[in-house]
Amino acid sequence: MTDSKGNSTIHRSRSLVDQDFPITGSQSNPSSSQAISESYSEKSDFVEASKGSSHDSAFPVEDESATSVSHLSNRKRSGSNDRPPNSRLASCANTKETSISGQLNLPDEAPSRRIYVNHTPDEHVNLSKQTFPSNKIRTSMYTPLNFVPKNLYNQFRNVANVFFLFLILLQLIPAFAARHSALPFIPLSIILLSTGIKDGFEDYRRSILDKKFNHTITFKLVGWRNVNCSMEHIGIWRRIKKLVSHTVRYNIKSFKNASQFPPYAPSVLYSERNSRDSYSSNFSLMSAREGIEALGMGNASLFQNFSVVTKGPPQSSEAHFEPVYRKKIQVGDIVRVRANEAIPADLLILSTENKEGVCYVETKNLDGETNLKDKYSLHSTKECRSELECSSASFWIHSEEPHSDLYNLIGVLKAQVPDNISQTTENTSAIKQEPFNMSNIALCGCTLRNSKWIIGLALYTGPETRIQMNRGVTPSKRSRITRELNWTIALNFVLLFLMCIISGLLRMVFSARQNSAKVYEFYELSKATASVPVQGIVSIFTCLILFQNLVPISLYITIDIVRTMQSFFIYSDIEMYDEKLDYPCSPKSWNISDDLGQIEYVFSDKTGTLTQNVMYFKRTTINGKVYGEAYTDATRGFDRAVGRSNAKQRLNEIEEDRDEMIKLSKYGSPETSTFVSSTLVRELQSPTEQSTYCRKFFTVLALCHSVVTDGHGDSLVYNSQSPDEEALVKAACNLGFILKSTKNKRYIVEILGKRERFQVLDIIPFTSARRRMSIIIQDKDKQIYLYCKGADSVILNRLAENNSNELIEKTAQDLSLFAAEGFRTLCIAERKLEKNEYLEWKVKFNEASLALHDRNEKIDQVSNLVEKELSLLGGTAIEDKLQDGVPETIDLLSRAGIKLWVLTGDKVETATNIGYSCNLLESGMSIIHINSSFSEPEQIKDYILKNLSTHFGLEGSEEEFKIMMQNHDPPSTKYAVVIDGSVLSMVLESEFAYQFVMLCKNCRTVLCCRVSPSQKAAVVSLVKRSLDVTTLAIGDGANDVSMIQQADIGVGIAGLEGQAAAMASDYAVGQFRFLSRLLLVHGRWNYKRTSQLISNFFYKNVIWTFTLFWYQLFNEFDGNYIFDYTYVMLFNLLFTSVPVIVSGCFDKDVDAEASLKYPHLYKSGILRQEWSKRRFWLSVLDGIYQSMVCFGVALFVFYAGNFVSPTGHQTESIEDIGLFISSPAIFVINTYILINQESLDLVSVGTWLFSLIVFWFWTGVYSESLDSNAFHKSTFRVGRTLAFWVVNLLTIVVSLFPRLSTILAQKLFFPREVDMLKWKIKREEGLHMEDQASTVEVSTAPPSLSTSVRDDSPNVSYGRSRFSLSLPSSHSVASTKRPQTIA
C-alpha cells in the first residue's frame, strides 16, 4: 500500500471477542513508520514539498530548514544517499548507536538466538556454537524399520496386554502347555494385529502429509556460505532407515499406480501467477486474536537510517536462487517466496516486491482465519532485492528462543556500518540496530497473497516453528465411562485372582486326601511337583490360564470400534449440516461420544455463539441527543417478559421512518442502511450547531478505525476483522460519509458529496489492557487530531475538565439505555494536538518501540500521555442478532435438565437483555446481582450467604453442599445470578467458592459478565470439580479455547471469528442450535449403547468363565478344560462379539424425533442410571446364574445315564460333554444380548443368527479335522442324539426364563418412562394409520355416505385430540439421587 511518493501504510485491526465495543486498532509500521517531515503528494490540496528533500512528510513544510524528524526513506536503486538531518532533527531523534568498543544501549536477552549473515562480530567468535534443527517436519511416529518394535512397545504399555502376554508365556512351560501350542497366541495376536493396522494406517496418512510438506519446492539462495550451520552428517543407521523407507514408499506407489508425475515437477511454481500487484491493492488485515499485543508502534528506524547492504562497486557473485525441497532450508538461509506459495519456515522479512516493504499473508492454516494480514520488511534490509545484494548484506540477529506464542516476538537486527559522522581520517564504524516483532515475521504455514514475492531469512525451522510448537495443544480427554471402567476391570482382576486362589487351596485339599485326579490332560507334573503345596501353586497358575476370559481383553478395541461408528453417524447427520458454511458436525475426539449423553452443565459464550456476530449499527447519541429507531431481539424478549406485545406496531413505525429517511437523503445509500433516523438526516442538512456535531461525529466514524478499502467505485469493499468496526464505517457511508480509500495512510473521505483527504500519522491499536484504540490524523488545514473510541468506562475517565457535566451524564445515561436494550456500546471522543506536543510524544513512542524488555508495558505508558484531556462527541449502539433457533434450543436443553451458564465479556446490561431474548431470563425472576460494588471478599461472602438463607433456606455448610451434590433436579425458575468479572476473580480465589456454586446451582440461570478467557476456564473447572458433573463448553472465538479445553466436552462453532475454537474442540458445529440434536439424540443414544455394550461384555465373560469354574469342582481343580480349547480362544473373537458391536452401534429406544419431542428422557444420563455399580453386579449375577444352569442341566442329564448315538458311539467323553454345555451357552449369551436390546430389527436379528451359524460352522468343520484330536467327530456323535437337543432346549428355557419374566413384569407393572412413551408413540401411530384408512374410505365412498362421514369426523377428531398419557411421577427418571457409579 504505497503512493507515488513511497509513503507506506499500516492497518492493524483487532477484535476482542465478547467486548462491548469494537476492539480494533492499528499500529504504525515498525519498519517504515510515519515521518514528520513529508508533504502530501496531492499538490492541488496541499503545499508542495521542498524540492531538495527526498523524504515524504506528514506536515507541509515551507522550506528546507523546517523542523522535522527524519523519516525512513526509500533509497533509490541508483544508490543515492538521503539528505542528512539538521541539528534539531539529530537532537530530537537521539540516535542510539555506539562504536564497536562501546556498550550497546539495548541489552540482549539471555538466552537468545544468534544468527549471522556474512559477518560474525569479533566479540562473538568465542561464544559457544548454537545448533538448530533442520526444516524437516515429522509428525509420524514410525518408520518402516521401527514400526513393529515401536508399535508393540506402545501396545504393551496397556496392562491388559501385558497380562495376556504373561499367560501366553506361561503356557510355553511344559507343565502348563495347551494341547495346541499355537492357539494361545491367536486372541492376543489378532488384537495386536488389528490395533497395529489401525495405528499404521493413521501413521501412514501422517507420513504422506509430512512428505507433501517436506517435498514442497521453494527457492533458496545458494552460492554463498551460511555460517550458522554445517553440512549434515548422515550416519550408517540413518542411511539404512532411509533406504528401507524409500523402498517401502516406492513399492506402495507402484502398487497403487499413483506415480503420474516425476518426484520433482513443480510445474505450478513456474507457471504464470495471477496475483494482483500490491501497488494496486491495499487489502490488508492484521491479526485479530485474543491476547495479541501490537508491538513496535512507530518506526524504530526513525532513529537509525542505515542499510545492511555493503556499498561499493558491483562485484560478481555466484549467488543465485535455486529451487530446493522445503526440508533443505536451514536457520540463516535466505529464501524467496513467490505469490500463492506457502511460507516454508518462520521468516524474518528482508524485502518485498513493494519497495515500502508491505506484503500480505493468509493465516488460514494457523488459526483458520481467511482474512489477509499485512506484514512488513525491515527498513535496513529493504535493499536486499536481488541475489547480489542478499549475498553482500552483512548483519546479525538476536531473537527470542522458540516458543509457541503466535502473536508475540521480540528481536533486534544489528549491523556494523561506517560512521559517516566521524571527522577523523580513520575508518571507524558503529553498531546500529533495528528491532523487529511479529509484524515483520511470516510464519510457516501462512500463504503469500497479493504480493509477487518476498525475500526472508529463516529464523526458526522445523519443530521450532510456531505452527509445529502449537501442535497437539488440545489435552487428551477420556470419557467418564472409560475412567470408571478401569475400576471395573480392576474388580475383575480381583475376582479372577480370588477364584484362582480358591482353586489352588481346594486343589491342595483334594491332593491331601489322596484322591486327586491321576491323569492330567494338559500337563504332567514332575516328581518335584508331587508335594501338596507345589500342586496348589501349579493349580493357581493353571486356573489363571483357564479363567483368563474373565478379564475382557477385547473390550477396549470393541469400544473403539463402536465409538468410531458413533462418530461417523454424528458426522453423517444431515440435520446438523450447515448449508451456508458447508459444514457438517465434525467429531474431533472419537473416544468421548458417550459423555455427550451425561452433560449436566453447559457453559456458553455469547457473541458469535448465541448471537450471529453480524453487527448492525442501530442507535447513537451525539452531543447528548439520541438518534435511531430499532426493535431488537433483546427488546422483543424484554417486552415478552413484561407482557407487552407491540412488536408489529414498532416495526411499522420503523419502516415509516425509513421511507421518510430515504425521501430526505441526498447522499449515501439510506435504503441499505440498518440505521434508521429521518431526524438525523434532517439534522445533517440543516445549518445548526447540532448539525456541526453530527457531521463531526460521523466524520470520526469514517476515520477512527483500521478498516481497509479494496476496489473502486461501485466495487468498493470494506475489509475488517472486526464486524463492529465494519458496521460503523458502513453506517457512516450510508449516511453520506463515504470512506473512499485508505491507500498509503492517506484516507480519502467523501463528506456529504465533498471529497476531503486526511493523513494518518499514527494508529495506536487496541490491547486487552487498554480497551480502546486511537488514530492520529492531520487534516487539510494542517491541524493534528487524535480520535479515540473505546469502552465508556475508559473514555469517560479520560475526558478533559472543560467537558460539560450535563453532556457526560446524558451520554452515560444514553449508553446505559442502549446496553439495557441489548446493544454493544462504544464511546467516541477527540483531542486536538499541537505540532510540538506531537513531536515530543512521537519520540517517546518510538523509544518505547525500541525496548527489548517490557515493550508492551512501555508502549502503553507512552500512549497514556496522549490519550487524555479528551472532548466527548457521543456514543454508538450496535446490535448483534441472535442465531436462528437459539431460544428454542435453550428451552429444549432446560427441559432436559441441562443447566446453561453464559460466560461473556459483554456488559451486565447487554448480557441481561440478551438473556431475556433467548429464554434464559423470564418475567418475574429475581435476579441476584453480584457486581463491583463489593470491594472486599468478606462482603461478597456475606451477600452470598444472605441470599442462600433468604431464598433457599440454606446456611452454606459443607454438609449441605454434599447433600446438594446428590440432587440433580432442575433448579428453581424464580432466581438468576448475574456476576461481574471483577467480583468473580475474588470468588474464584476465595475459600467460599463452593458457597457461590451452591447459590448458582439453586438458580435457573447464571450470567458471568466481563470475564476473561482464564476466568471462563476457571469457572468451568470449579463446577466440574466441586459438583462432580459432566460439563460442556461451547464457543466460537480464540478466547473460548481455554474454556473448551477445560470442559469434559468442548464444542467449537465455525463462525466469523476464525476457526480457532473449532480446531481446539472435540466437536465442531456450524450453529448453536445443533447442540440440542448432538446431546439429546446422539448423546443419549451413545451413552445408552455404550453402557449396554459394557454390561453385555461382562455378562458373557462371566457366564463362560464360571462354567469352567463349576467344572473344576467336579474335577478336583486339576485345571482341565471342559470345552475344546479353540472355543476358549474364539469365544470373544467370533462367537459372541458381533451382536455386542451391532447393539452398541444401532440400538435405540426411541427415534430422533421422539428424543427431541420428549427431552426429559435425557435425564437418565445426567443421573448416570445406565451404567452403575448396580448394573454391573446384576450383569455378574445374571452370568453366574446362567452359568450354573448351563453346567448344571448337562451335569444332571449325564448323572441320569449315558447316551449312545444311533451309530452306537458313546457320548460320555469330556469333549462331548463340553459340546453339551457350550452349545446352549453360546445360544443363551447371544439371545440374552438380543432380548436386552431396546428395539429389534433385521440387523440385530441377522447378527444374532450369524453368530450362531459361525459357531456351528466352526464346530462342524473343526470336528471333522484330524488336528482336532479328541474332539474329532464330536459333532457327528453328539448331534445325532436326542438328549443333546433336549439339553439345549431345557438349558435355554431355564436360563432365560428369569430374565424374560423380569423384563415382562417390569414393562407391565413397573414401566419406565421410556416404555410408556414408546407405548404412547405406537398408539399415536396406530391412530394416525386409522385416520389415513378412514380418509381412503371417505374418498372411495358414494357421495351420500361421504357426506355423513365428514359430518361425524369432527367428533372423532376431537375425541382423539384429547388423548394423552399422564406419566406417573413414581416412574419418572428425574429422581433426586444418582445411583452410585463404579469408582
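Please read every residue number as a count from 1 along the shown chain.
Using the three backbone atoms N, Cα and C, a Cβ is placed for every residue, glycine included.
The compositional bias 'Polar residues' annotation in TrEMBL covers 1-10 (among others).
As annotated by TrEMBL, compositional bias 'Polar residues' applies to 81-104 (among others).
The domain 'P-type ATPase N-terminal' (115-178): residue composition by secondary structure is 27 helix, 3 strand, 34 coil, according to DSSP. What TrEMBL records for 115-178 is domain 'P-type ATPase N-terminal'.
Per TrEMBL, transmembrane segment is recorded for 159-177 (among others).
Per TrEMBL, the feature domain 'P-type ATPase A' maps to 322-379.
Annotation comment: TrEMBL describes 487-510 (among others) as transmembrane segment.
The transmembrane segment annotation in TrEMBL covers 530-557 (among others).
Annotated Mg(2+) binding site per TrEMBL: Asp605, Thr607, Asp1036, Asp1040, in sequence order. With a 10 A radius on its CB, Asp1036 (Mg(2+) binding site) counts 34 other CB atoms from all the protein chains.
Here TrEMBL flags Asp605, Lys606, Thr607, Glu725, Phe766, Lys789, Arg824, Thr904, Gly905, Asp906, Arg1010, Lys1016, Asn1039, Asp1040 as ATP binding site. Of all Cβ atoms in the shown protein chains, 33 besides its own fall within 10 Å of the Cβ of Thr607 (Mg(2+) binding site).
The domain 'P-type ATPase C-terminal' annotation in TrEMBL covers 1062-1311.
Summarising the annotation, TrEMBL assigns transmembrane segment to 1125-1146 (among others).
For 1176-1197 (among others), the entry in TrEMBL reads transmembrane segment.
Residues of the same chain lying 6 or more positions beyond the ends of the transmembrane segment (1217-1235) and with a Cβ under 8 Å from any Cβ of it are 1096, 1099-1100, 1103-1104, 1107, 1121-1124, 1127, 1135-1136, 1139-1140, 1143, 1182, 1186-1187, 1190-1191, 1193-1194, 1197-1198, 1211, 1244-1245, 1248, 1251-1252, 1255, 1259, 1274-1275, 1278, 1284, 1287-1288, 1291-1292, 1295-1296, 1299-1300, 1303. Positions annotated as transmembrane segment by TrEMBL: 1217-1235 (among others).
Through the fold, the transmembrane segment (1242-1262) approaches residues 1124, 1126, 1130, 1134-1136, 1138-1139, 1142-1143, 1146-1147, 1219, 1223, 1226-1227, 1230-1231, 1233-1234, 1268, 1271, 1275 of its own chain, all at least 6 residues removed from its boundaries and within a Cβ separation under 8 Å. Residues or ranges marked as transmembrane segment by TrEMBL: 1242-1262 (among others).
Among the features that TrEMBL reports, transmembrane segment is placed at 1282-1300 (among others). Long-range contacts of the transmembrane segment (1282-1300) within the same chain: residues 1182, 1185-1186, 1189-1190, 1193-1194, 1197, 1203, 1211, 1219-1220, 1223-1225, 1227-1228, 1231-1232, 1235-1236, each at least 6 residues beyond the stretch ends and with a Cβ under 8 Å from a Cβ of the stretch.
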Rounded to the nearest angstrom, how far is the Cα of Asp605 (Mg(2+) binding site) from the Cα of Asn1039 (ATP binding site)?
9
Binding-site residues: Asp605, Asn1039, Asp1040 - member with fewest neighbouring CB atoms within 10 Å
Asn1039
Please give the sequence-distant neighbours of the transmembrane segment (530-557): residues at least 6 beyond its ends with Cβ less than 8 Å from one of its Cβ atoms.
158, 160-161, 163-164, 167, 170-171, 175-176, 178, 184, 187-188, 191, 194-195, 485, 489, 492-493, 495-497, 499-501, 503-505, 507-508, 511-512, 516, 522-523, 1094, 1097-1098, 1101-1102, 1104-1105, 1108-1109, 1112, 1117-1119, 1121, 1128, 1131-1133, 1137
Tell me which residues of the chain lie with their Cβ under 8 angstroms from that of Arg1010 (ATP binding site), as long as they are six or more apart in sequence?
Thr904, Gly905, Asp906, Lys907, Val908, Asp980, Gly981, Ser982
Residue pair Thr607 (Mg(2+) binding site), Arg824 (ATP binding site) - Cα distance, angstrom, rounded
10
The rounded CA-CA distance in Å from Arg824 (ATP binding site) to Asp605 (Mg(2+) binding site) is 15
Arg824 (ATP binding site) CB neighbourhood, other CB atoms within 10 A:
25
Summary of DSSP states over the domain 'P-type ATPase A' (322-379), given as helix, strand and coil counts:
8 helix, 27 strand, 23 coil
Between Asp1040 (Mg(2+) binding site) and Phe766 (ATP binding site), the C-alpha gap once rounded to whole angstrom:
19
Give the number of CB atoms, excluding that of Phe766 (ATP binding site) itself, located within 10 Å of its CB.
31
